[in-house]
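*Asks:* First the structure, which I've put down as structure tokens, then a few questions once you've had a look.
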């Protein structure tokens, strides 16, 4: 799948603000500071399509991006950042679940997790939502450059056991090393039914 164009469309909170489009959508979810913005930027080969921030909890809206005029990437707000106010933490769940439950054009979700961390309640909640709403999902293990290859693979198997899926169903990803871009794009092409070029 070759990405030729990528444009920001809109930021939304409520379903009434979502773009009125029939394009298939792929959502990106994960903890604050896991690397969602960096992953999207690498996939589209643009440095600043999605603004990256060293401040966790910065993305508090649902951001929509038009890719090739063929599909949409949807950047969901990061979860689990303690310094975000309690009120904002409480709005995260309903905002994200509303999107997952109501968006008929949603074709799949990329669930990002830092390879250095253990899966927590929020990751399991996202997996439960995907199962409940029948959304195909793929786990992407970010920051893989922090490990040597064998250690990264060992961590992948440990996390796979913890979440109950096969290690080969996960993508090791590193923005710095440009690792995992092709497998991620292949997954997105499969989920959306867009033929690879």
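Heads up, the Cβ atoms here are built off N, Cα and C, so glycines get one too.
The shown structure was predicted, so the numbers you read here are calculated from the model rather than taken from an experiment.
Pasting the feature list from Swiss-Prot:
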DOMAIN    22-194  domain 'EngB-type G'
BINDING   30-37, 57-61, 75-78, 142-145, 173-175  GTP binding site
BINDING   37, 59  Mg(2+) binding site
*Asks:* By a 10 A CB contact count over all chains shown, which of the binding-site residues listed here is most packed: 36, 143?
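*Replies:* Of 36, 143, the one with the most crowded Cβ is 36.
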*Asks:* Just to be sure I understand the packing, how many Cβ atoms besides its own are within 10 Å of the Cβ of residue 61 (GTP binding site)?
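*Replies:* A 10 Å sphere around the Cβ of residue 61 (GTP binding site) contains 14 other Cβ atoms.
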*Asks:* Helix, strand or coil by DSSP: which one applies to residue 143 (GTP binding site)?
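*Replies:* SS state of residue 143 (GTP binding site) = coil.
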*Asks:* Which whole number is the mean pLDDT over the domain 'EngB-type G' (22-194)?
*Replies:* 88
*Asks:* How many other Cβ atoms sit within 10 Å of the Cβ of residue 33 (GTP binding site)?
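*Replies:* There are 21 of them.
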*Asks:* Including all protein chains shown, what's the count of other C-beta atoms within 10 A of the C-beta of residue 37 (Mg(2+) binding site)?
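*Replies:* For residue 37 (Mg(2+) binding site), the 10 Å Cβ neighbour count is 22.
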*Asks:* Nearest to residue 37 (Mg(2+) binding site) by Cα, among 61, 77, 143 (binding-site residues)?
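*Replies:* Answer for the nearest of the binding-site residues: 77.
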